[in-house]
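Sequence annotations record features per position, and here TrEMBL assigns [4Fe-4S] cluster 1 binding site to Cys30, Cys66, Cys100. What TrEMBL lists as [4Fe-4S] cluster 2 binding site is Cys171, Cys175, Cys178. If you look up TrEMBL, you'll see 21-137 marked as domain 'MTTase N-terminal'. Taken from TrEMBL, the feature domain 'Radical SAM core' covers 157-387. Annotated domain 'TRAM' per TrEMBL: 390-452, in sequence order.
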Amino acid sequence: MTEQPTEISATATAEGAEAPKKLFIKTYGCQMNVYDSERMAEALGAKGYVTTEVAEEADMVLLNTCHIREKAAEKVYSDLGRLRPLKQAKPDLKIGVAGCVAQAEGEEILKRMPLVDLVVGPQSYHRLPEMVEAKGKVVDTDFPEEDKFDHLPQRKALRGPTAFLTVQEGCDKFCAFCVVPYTRGAEVSRPAARLLAEARDLVSRGVREITLLGQNVNGYHGAGEGGTWGLGRLLREMAAIDGLDRLRYTTSHPNDMDDDLIAAHAEVPQLMPYLHLPVQSGSDRILKAMNRKHTAEQYLRLIERIRAARPDILLSSDFIVGFPGETDTDFEATMDLIRAVGFGAAFSFKYSARPGTPAAEKPELPAEVSDARLQALQALITEQQRAAQMAMVGREVGVLYEKPGRLPGQMVGKSDHLHAVHVTDSLGKPGQLVRVRITGSAPNSLAGEPLRD
Ligand code: 5AD
Ligand code: SF4
């Protein structure tokens with residue numbers, strides 16, 4: 001869900017190659033892409049590529065793109081333009097475009113940007129090793145039947161004690177504004193046994209927290225022992241893995257929060273008290289136009305049930321402002337819903353018309369109207385986020401240390417509620433799960449002290 005492009009620094013080792021070739025990957029958009037970039041680095045590692053953080057020294061540059069909003073998609077083209085001098089200086093440099101822009105635009109990318117050598121959609125990453133060896137330009141945006149994860153090599157690069165695990169891909173919901181059902185295709189769930197094996201492997205290599213990923217993760221319905229498993233069952237079985245201390249999942253649709261999943265929040269101690277449950281709008285009229293298939297009231301009732309199961313749960317959401325036809329009254333309904341729920345965090349976006357989606361046919365609102373609404377909504381969310389953080393001060397929470405902080409003797413990690421916490425702890429090491437007393441709150445993080453016997 002991060003909006004910030006991230007450059008990955010996973011180190012894939014060359015196997016049997018002479019001089020390692022260097023791979024630079026830039027990741028845009030969501031956590032699924034962060035995960036996919038790591039897997040692509042590993043797949044190309046088998047072909048002798050090692051990753052670099054310096055684009056200028058790369059033999060291959062791969063942009064793992066996001067198509068969800070226009071700005072994200074256009075950024076890819078401006079970044080490609082900036083690669084031109086590099087390609088001119090180094091004609092052998094391979095430039096690849098992966099991810100959802102690749103899926104949505106396919107060959108068009110080659111027409112618009114002739115410097116691109118390969119275009120690969122999210123379902124074809126296992127074919128990357130062959131694709132890089134091909135002469136000339138290659139485009140692969142098929143939706144093959146087979147599970148791409150079967151063909152990707154076992155994970156090597158682990159980044160600390162937390163890991164993502166993709167359990168489901170694609171989305172069947174067809175929200176009127178969203179390109180995901182077109183770029184990522186229909187929902188496909190990976191079989192439970194494979195996921196459990198992958199989770200065990202991660203834990204055996206030091207992972208203590210796993211976040212299950214999927215575009216519509218709580219729609220998970222994978223083949224498991226005795227039939228089809230929902231996400232609740234999968235979480236319960238994962239929680240039984242020795243040494244796996246924490247579980248999370250993202251991103252969910254309200255209509256797929258079934259009873260078993262809600263009960264898991266009460267019954268599975270490893271399932272952390274934080275839930276990202278996008279509602280997008282608080283106006284029934286707009287929710288209907290968005291094809292969300294639930295009302296504001298139904299969302300509020302659902303939140304009540306989730307809070308009954310796990311009273312201390314922190315909720316976050318996504319919001320879109322300025323959806324076609326949104327009036328001041330509709331927007332006020334969204335603000336009312338936010339006040340009624342009290343979110344710990346949220347992502348909010350100005351509506352962006354995406355070609356091929358039903359909403360793109362409708363007239364857009366003036367930019368000033370959307371800008372003002374976004375500002376008002378973000379101010380309210382910031383207020384709620386601060387209040388949720390302040391409420392933590394004085395409390396004891398678990399913090400999983402991820403890395404040393406900037407100050408000497410400081411560790412940084414995430415609390416159970418997914419707050420970043422800076423802990424003064426000269427004995428701390430990454431991977432430790434420590435009880436911490438929260439002593440202070442800064443704009444985007446908390447401060448704390450370890451509670452040691
Ligand atoms: N315009 C603005 N925001 C969008 N999102 C998805 N599509 C669009 C769009 N066309 C937002 C939704 C979604 C999040 C990942 O991105 O809020 O939950
Ligand atoms: Fe897009 Fe999420 Fe709606 Fe699916 S549920 S169409 S991914 S916004």
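Each Cβ is built from the backbone N, Cα and C atoms, and glycine gets one as well.
Shown here: features listed in TrEMBL, placed on the structure.
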{"residue": "Cys30", "record": "[4Fe-4S] cluster 1 binding site", "CB count, 10 Å": "22"}
{"residue": "Cys66", "record": "[4Fe-4S] cluster 1 binding site", "CB count, 10 Å": "24"}
{"residue": "Cys100", "record": "[4Fe-4S] cluster 1 binding site", "CB count, 10 Å": "27"}
{"residue": "Cys171", "record": "[4Fe-4S] cluster 2 binding site", "CB count, 10 Å": "23"}
{"residue": "Cys175", "record": "[4Fe-4S] cluster 2 binding site", "CB count, 10 Å": "21"}
{"residue": "Cys178", "record": "[4Fe-4S] cluster 2 binding site", "CB count, 10 Å": "21"}
### Task
Please spell out the DSSP helix, strand and coil residue counts for the domain 'MTTase N-terminal' (21-137).
62 helix, 24 strand, 31 coil
## Note on the structure
Distance filter, Cβ under 6 Å of ligand 1; input binding-site residues Cys66, Cys100, Cys171, Cys175, Cys178; output Cys178
### Query
Checking the binding-site residues Cys30, Cys66, Cys100, Cys175, Cys178: which ones have Cβ within under 6 Å of ligand 2?
Cys175, Cys178
### Message
Just to confirm my parser: what is the rounded mean pLDDT across the domain 'MTTase N-terminal' (21-137)?
### Response
93
### Query
With DSSP helix as H/G/I and strand as E/B, how many residues of the domain 'TRAM' (390-452) fall in helix, strand and coil?
1 helix, 36 strand, 26 coil
#### Entry: Residue from Cys171, Cys175, Cys178 whose C-alpha is spatially nearest that of Cys66 ([4Fe-4S] cluster 1 binding site), among the binding-site residues
Cys178
## Note on the structure
Expressed in Å to no decimal places, the gap between the Cα atoms of Cys100 ([4Fe-4S] cluster 1 binding site) and Cys178 ([4Fe-4S] cluster 2 binding site) is 12
### Task
Could you measure between Cys30 ([4Fe-4S] cluster 1 binding site) and Cys171 ([4Fe-4S] cluster 2 binding site) for me? Cα positions, answer in whole angstrom.
15
### Task
Determine which residues of the same chain, besides Cys30, Cys66, Cys100, have their CB within 8 A of the center of the CB atoms at the recorded [4Fe-4S] cluster 1 site, and list them by sequence.
Tyr28, Gly29, Met32, Asn33, Thr65, His67, Ile68, Ala72, Gly99, Thr183
### Per DSSP, three-state class assigned to Cys171 ([4Fe-4S] cluster 2 binding site)
coil
